[in-house]
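Remarks on the structure that follows.
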Amino acid sequence: MEVLARDGEARAGLLDTPHGRVQTPTFMPVGTKGTVKGLTPADLRGAGAGIILGNTYHLYLRPGADLVREAGDLHAFSGWDGPMLTDSGGFQVFSLAKTRKISERGVRFASVYDGSTHEFTPELTTRVQEDLGADIAMVLDECPPANAARGYHEDSLRRTARWARRCKDAHSREDQALFGIVQGGLHEDLRRESLERTVEIGFPGYAVGGLSVGESREEMLQTLAATALMLPWESPRYFMGIGDPVGILQVISLGVDMFDCVLPTRLARHGAALTPDGRLNLKNSRFRRDFGPLDPECSCETCTGYSRAYLAHLVREDELLGHRLLTLHNVHFTANLCRQARREISSGTYAAWARAWISRYETAR
Ligand code: PRF
Ligand code: ZN
């Protein structure tokens, strides 16, 4: 990637993919099953999404990689012709499966859909991701709970590094980038070891995995700070699984270029909207007769076309349109936050701006 501006550790840059250029830092809305729930590709584009994410775990189980490949790839199948990334499925196996068995070969698990058993090996998840055809694919990794024993993290990060090597050996699509993933829990020396092993194999981009999994914010930021400083400057850095506005601004300040999370879209489906003055729960009775816009500073379709009172009504009635309009706003809001961050980094004013932004967001009204 090309780093255009640096402000402290924060960077603004450009990431070129076969389906277009991505301005970083960038938030990737999650389209688990090949759809960002409720939004069309045109909606996503209008909301300012630069790159979206799909999940190998879900798409492998349903509708299956063969079927997606028959359509061409996930771009053709879903109608999203912009940049896309697929996660390897490792994380979903560890977070969703009640039963799973890890071996050197890979990880065996029971499907969340029908209980059928499957095994993800580095070779299989790489082939499936080649079939899905996203611009960026991820290596198969293990993401242990943050509080797992140190010895477990040690064994696990070494196995993840061996899996990363096998993924790279199995990967053959030249029009797809395969990113490595750094693990190691909250131990700075293990993070360093994981990073060195992963960088030694050599990838065009690196993700920091295994964070935002139950540890405190403090611990997360400290571990990320230590890890990010050691990552190659010229490679894109992806923080896996953060999407709350404050967390986004914090990881950007530590040099992260891309991140994903279900939070903005999931919150929307639970009736919550992100605003510069904090999260609003539209189910709260104070919105029933509030005929003003959702977020007066937002230019999205939801904020320019509908009132809080109408949205509150839709949410209370569990209407499809309510979910959709709030999702549209939360994605627009998060994309816009990243756009503002890029501007501030380019002007060299990021730290002061982020501090003021967070202070306003956290001052509950
Ligand atoms: N690994 C993978 N995907 C992930 C994570 C990880 O550690 C996380 C951790 N926050 C989210 N998504 N492959
Ligand atoms: Zn809006």
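Any Cβ shown, glycine's included, is placed from N, Cα and C.
In TrEMBL, annotation is done automatically, which means it is predicted and not curated.
Features reported for this protein in TrEMBL:
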type	residues	note
ACT_SITE	ASP87	active site, proton acceptor
ACT_SITE	ASP260	active site, nucleophile
BINDING	ASP87, SER88, GLY89, GLY90, PHE91, ASP141, GLN183, GLY210	substrate binding site
BINDING	CYS298, CYS300, CYS303, HIS329	Zn(2+) binding site
DOMAIN	9-362	domain 'tRNA-guanine(15) transglycosylase-like'
REGION	241-247	region 'RNA binding'
REGION	265-269	region 'RNA binding'
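All features noted in TrEMBL, drawn onto the structure.
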residue	record	DSSP class
ASP87	active site, proton acceptor	strand
ASP141	substrate binding site	coil
GLN183	substrate binding site	coil
GLY210	substrate binding site	coil
CYS298	Zn(2+) binding site	coil
CYS303	Zn(2+) binding site	helix
HIS329	Zn(2+) binding site	helix
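Around the Cβ of CYS298 (Zn(2+) binding site), 19 further Cβ atoms fall within 10 Å across all displayed protein chains. Listed by sequence, the residues of this chain that lie at least six past the ends of the region 'RNA binding' (241-247) yet keep a Cβ under 8 A from its Cβ atoms are 27, 91, 211-213, 217, 259-264, 274, 333-334, 337, 357-358, 361-362. Under 8 Å, Cβ to Cβ, and six or more positions away along its own chain, ASP141 (substrate binding site) finds SER88, GLY90, PHE91, THR160, TRP163, ALA164, ILE181, GLN183, GLY209. With respect to their backbone Cα atoms, GLY89 (substrate binding site) and CYS298 (Zn(2+) binding site) stand 35 Å from each other.
With respect to their backbone Cα atoms, CYS300 (Zn(2+) binding site) and GLY210 (substrate binding site) stand 34 Å from each other. Ranked by CA distance from CYS298 (Zn(2+) binding site), the recorded positions ASP87, GLY210, ASP260 have ASP260 at the top as the closest. Highest Cβ count within 10 Å among the binding-site residues GLY89, GLY90, GLY210: GLY210. Within its own chain, ASP260 (active site, nucleophile) has PHE27, MET28, PRO29, VAL30, LEU53, LEU85, ASP87, MET240, GLY241, GLY243 as residues 6 or more apart in sequence whose C-beta sits under 8 angstroms from its own. For the binding site of substrate, formed by ASP87, SER88, GLY89, GLY90, PHE91, ASP141, GLN183, GLY210 according to the record, the largest Cα to Cα distance is 15 Å, rounded to a whole number. Between CYS303 (Zn(2+) binding site) and GLY210 (substrate binding site), the C-alpha separation comes to 36 Å.
Same-chain residues at least 6 positions away in sequence with a Cβ under 8 Å from that of HIS329 (Zn(2+) binding site) are, in sequence order, ALA268, ALA273, LEU274, LEU294, ASP295, CYS298, CYS300, THR302, CYS303.
Here the Cβ of ASP87 (active site, proton acceptor) has 31 other Cβ atoms within 10 Å, regardless of which shown protein chain they belong to.
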